[in-house]
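Trainee: Take a look at the following structure, please.
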Amino acid sequence: MLSWLLVFSILVLLAQGVSSWENPQTDQVSEGLQQLFGNISQLFEKGILGRDDVFTMVSREEWGAEAIGCSSKLSRPVDVLVIHHIPGLECHNKTVCSQKLRELQAYHIHNSWCDVAYNFLVGDDGRVYEGVGWNVQGSHDQGYKNISLGVAFFGTQEGHSPSPVALSAMKGLISYAVKKGHLSSKYIQPLLAKSEDCLVPPQKGKQKKACPHIVPRSVWGARDSHCSRMTLPAKYAIILHTAGRTCSQPDECRLLVRDLQSFFMNRLNACDIGYNFLVGQDGGVYEGVGWNNQGSKTDSYNDISLSITFMGTFTGSPPNAAALEAAQDLIRCAVVKGYLTPNYLLMGHSDVSNTLSPGQALYNIIKTWPHFKH
């Protein structure tokens, strides 16, 4: 069975005075698409979606594209397929969909991109529209554009999932891409990309800070230590849990981090606490050994990975929303600051060591995060 890496994101296109697709109801559409695509492998297995579904390709010339201005080439086959959904460009026939694509291309070029952001676009009319094509990098996703094909659904009625003919066209396009060697059939792992991970301008007033507040070692009362240095930028972000008590208040969390450091140094004879950063149920991020020093909990990955541990046990129930958001913000921060490579891989502790960490409930969540690799 062919294995697919599907990255799903809601692409929010924002510019004043262009058209109604500037202010989509992203939450509603996102949830629907996540549910729709979550079982895509099962649809293949059950025969609901055939591997050889035919599709009609509309060339750039046919839909009236401006001359392409992109020059960065893709090396084939790529390992990643990034599927987006563009809300607000409703169309159900070739004429209207072509007009919407011309508007979209003009918007992207106006925002200093070299062309329309995607390799291909699938209209709700069931046609596949050529974007920058098979051999050129799109601008659809900062972390994947040089190793992926970016394909976007467009034309759907706001609040609805793509039509059956659009889904069939998408499946046909994917099958064709694999058969022709444009897309690798190697399995990696499904993951979920948020809109802020794309290259699209975020909505005003909703842009996240580059980094969360990190409680420094001096504030939680760390002991001095001298650990081996990291090899930066790290290639991996590894998620763990401490498998002990948790904390929901800053003073509790500071005490817990101190106790954990003492356990590592006194009982395990480690150079310091075993993690680069720790996350509490108070939504706080606590500096462990920090950006530049190695942790001691990820075996042969210590020097090339950032270890982020949730304080507590998360086998049955996951961390709360504040803690999960803090960890995701920290990962984004690491990329922005250059401590983590943009093409990093995210893994659970159990993926690199014989352990139950980070707990099944937490693991089920992180495997939907960007860059996850089992």
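Backbone N, Cα and C define each Cβ position, glycine as well.
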Trainee: In Swiss-Prot, C333 sits in a disulfide bond; tell me which of C114, C198, C211, C227 is on the other end.
Mentor: C211
Trainee: When you get a sec, could you say which of 24-33, 294-303 is annotated region 'Interaction with murein' by Swiss-Prot?
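Mentor: Residues 294-303 are the ones Swiss-Prot records as region 'Interaction with murein'.
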Trainee: Under Swiss-Prot's annotation, the disulfide partner of C227 is which of C114, C198, C253, C271?
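Mentor: Swiss-Prot says the disulfide from C227 goes to C271.
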Trainee: Counting Cβ atoms within 10 Å of each candidate's own Cβ, which of the recorded positions N93, C211, C247, C271 comes out highest?
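Mentor: When each Cβ's neighbours within 10 Å are tallied, C247 tops the list.
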Trainee: Report, in whole Å, the straight Cα-to-Cα distance of N146 (N-linked glycosylation site) from C271 (disulfide bond).
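Mentor: Checking the Cα atoms of C271 (disulfide bond) and N146 (N-linked glycosylation site) gives a distance of 39 Å.
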Trainee: Starting from the Cβ of C333 (disulfide bond), draw a 10 Å sphere and report how many other Cβ atoms land inside it.
Mentor: 20
Trainee: Taking each of the disulfide-bonded residues C227, C253 in turn and counting other Cβ atoms within 10 Å of its Cβ, which one has the fewest?
Mentor: C227
Trainee: Between N146, Y275, which of the recorded positions has the fewest other CB atoms within 10 angstroms in the structure shown?
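Mentor: So among N146, Y275, the recorded positions given, the one with the fewest Cβ atoms within 10 Å is N146.
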